[in-house]
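Let me begin by presenting the structure, written as structure tokens, before commenting on it.
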């Protein structure tokens, strides 16, 4: 498929409001974007299709170490513009984005490596470097429970709306190469999924009953919650361009009407140019890119015609030099 026209808005590292360390997470609501970085700051941006990207000023107050996750309340029913961040300084911070101030802070007693928020229940789940997933009440600032099972750092997290009895599942990926699905009501992992290469860098809720996972390989794994012990469906993550294996650090699924439960899966990758005729050493640097593919209700790739098989690959959006981190 021919990729749609798009613009790349680049903030140069020497710009006044640029992060001066790696950008580890990003959130979005409408035309407002929020980024968190290893410089400890949380910054806000505005996107305008005519003038491009603007802003970048940090929130009042900041983390004392790396920011590792960020979640924005994007519910249409919410009048407030609230964001939550967590970092290696052992804190979870709640931000009033409109006022650009810190609203509250929770000290989690452990280095936070990842996290996510279930906004309807005001519950934040944080994954620690020690392998524990802890659930906290955002409003009261108290710990609900600690979920143990990972052997090593919890590297990624997301929520999964099961929509049965109001249940929200929490999904975590770890440095131990496993993906675990937690039911907060039972305080246990209801599913553990394997078959990943090295650590799991990203997890993402897919179509109903499907969890996508990104590891250090050339394929995105699609797991079935109905049969978690089955080998996952593997979706090639380097089609259409020359490439080699790199961490799949970002995954996003968008359900679309008319696709019978399926939608579009976006995954980060790295494009490694072949430079037989080039002389510059910079030409050997990897280029971050995003692959876009169509997937059906089972998480498998969709062909161009209904009922046909394919890996679902549609097109690649090429970014800038360097690996994409989120």
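Using the three backbone atoms N, Cα and C, a Cβ is placed for every residue, glycine included.
Note that TrEMBL annotation is computational and uncurated.
These come from TrEMBL:
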- 77-105: repeat 'WD' (REPEAT)
- 147-192: repeat 'WD' (REPEAT)
Mean of pLDDT values spanning the repeat 'WD' (147-192): 86
Secondary structure content, the repeat 'WD' (77-105) (per DSSP, counts of residues): 0 helix, 17 strand, 12 coil
Tally of residues which DSSP labels helix, strand or coil - the repeat 'WD' (147-192): 0 helix, 27 strand, 19 coil
